[in-house]
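TrEMBL annotations:
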- A:3-183: domain 'Prephenate dehydratase' (DOMAIN)
- A:203-280: domain 'ACT' (DOMAIN)
- A:Thr176: site 'Essential for prephenate dehydratase activity' (SITE)
There are 2 protein chains.
Amino acid sequence: MMKVGYLGPEGTFTEAATQAALPSVKRVAYETIPKSIDALFSDEVDGVVVPLENTIEGSVNITLDYLIHHRRAEICGEIIVPIQQHFVTHPNHTKSWSSVEVIYSHPHAIAQCHQFLRQVVPHAKVETMSSTGAAAKWLSEQPEDNAAAISNAWAAEKYGLDIVQHDINDYPNNHTRFVLLKNPASKGISISSGQPASEKTTMLVTLPSDYSGALHQVLSAFAWRKLNLTKIESRPMKTELGRYYFIIDVEGHQDTPLFQGAVGELEALGCGVDLLGSYPCFSYVAQAVKETQNYGSSF
Amino acid sequence: MMKVGYLGPEGTFTEAATQAALPSVKRVAYETIPKSIDALFSDEVDGVVVPLENTIEGSVNITLDYLIHHRRAEICGEIIVPIQQHFVTHPNHTKSWSSVEVIYSHPHAIAQCHQFLRQVVPHAKVETMSSTGAAAKWLSEQPEDNAAAISNAWAAEKYGLDIVQHDINDYPNNHTRFVLLKNPASKGISISSGQPASEKTTMLVTLPSDYSGALHQVLSAFAWRKLNLTKIESRPMKTELGRYYFIIDVEGHQDTPLFQGAVGELEALGCGVDLLGSYPCFSYVAQAVKETQNYGSSF
């Protein structure tokens, strides 16, 4: 059976995304995102699922920086899942949920449910945990505590908690984009559930130094070939201010003649180009597979 | 006397940047970056200094997101200062510094001094604080503790601590770019120390939705006019995955005919354009003013 790593403990959104996309693999929890990526290179796992981008928070810099500076894993699939936060309690406290004294969750989840917390449970103290999964786990181990957690439905089920208020996040259309990574030297692992909506290629581009208009030339190489960009992001090279890696997502597969022509031209211009993978894109609703949907737009 | 807000407590790198650029203003400490920006709009201060970007960590998302989504302050100056981390102790423990049991600092400072900590004081426990200034303040209040902190020279002096090891950061060329903000409705405040190296304009651009090649067109409007971009950064619109604000820095002033032509064309293409300010750029070495230097390169 294939093994796939994720940011644990059990019940995190990363585990929910892994379960939705790869329902028949053995899931292995890791403490941190870098440790889960390292596990690919020590052959502990065949793949890992890592968060790359969220509707509200933006890019997950720890994932991007680890891929850029430490481990060049290959992206072999995209997994988009909705982020639905629920207000959960231990079954002992289901009826008295509105008078809980403490609420546990991850800082991002707390920030995303700010209006709910302020309006519905303004008296409760808020305590931060390392993940929504860790908050649900902690709550399940304190049956006496008059407390609640903010977590996903997956964690509530896993830890035997009751969902007392559904969908409490302030922004209704919140999604996280995860990617499935593999060791480039290993054989493949692929997403087995659902139909892909599209195909995408992610690459790292560095520009020739002190060359005005270089980024414009990079985009021109794609634009005149009608290759659509869906994302461009800059991350520091860490050598000096003002020097960046560009992480560029392009619709389509890197094996097409147009794509290869664009990459050849970038290299001829003096750019560094590192292809992180061409991969199918899947999106899921809750734990069910939904009709494929394409998020975002090209630009 | 003009009043300028900064992220406190006393002794942070933000205070050091404020002191370098605006030596004769009254400095007012705020607990968080959003609170310091809010103070502009309640007329508590005439300006605030906020961190925007660091060589190692990249953009400071909390600053960018607060400017985009909450308060459109105007940028009126750029302040680049070196980030030099030192190992400091209470004078009681100067001689026994290599056997300290606990080290306090901000998580970024701890990450930036990883090699030093691992090689020189591997036995010591590391504890995180909200800023390097807070770590230095805490250390000064615990004369009995066999402890040290990682902080800047400014904080060491302020809190009467001894620098026992200089420049312990792993990356030698670490700088942070701060900006001076003002309320657009108020009269000006400007940087009074040193000579500017250059002039820059920062703008927020949104693209017409689902329009392939739009970002390329935006860059074309600048490229053919030889207006150099020094940075492009994307931040989420928070409405759905794949929709972004672009924060673009361009060399030169927004009042020039070429710049105004470019902005007019972007608007004609259906882009949203919001000018955050045209401002002079200053860089400093330690607390002294250095010959002006231009960091980074245009692209």
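Glycine is treated like the rest: Cβ placed from N, Cα and C.
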Worksheet item: Which value does the mean pLDDT take for the domain 'ACT' (A:203-280) in this predicted structure?
Response: 94
Practice prompt. Could you tally the C-beta atoms, other than its own, that fall within 10 angstroms of the C-beta of A:Thr176 (site 'Essential for prephenate dehydratase activity')?
Written response: 23
Worksheet item: Residue counts in helix (H, G, I), strand (E, B) and coil for the domain 'ACT' (A:203-280), per DSSP?
Response: 22 helix, 29 strand, 27 coil
Worksheet item: Helix, strand or coil at A:Thr176 (site 'Essential for prephenate dehydratase activity'), per DSSP?
Response: strand
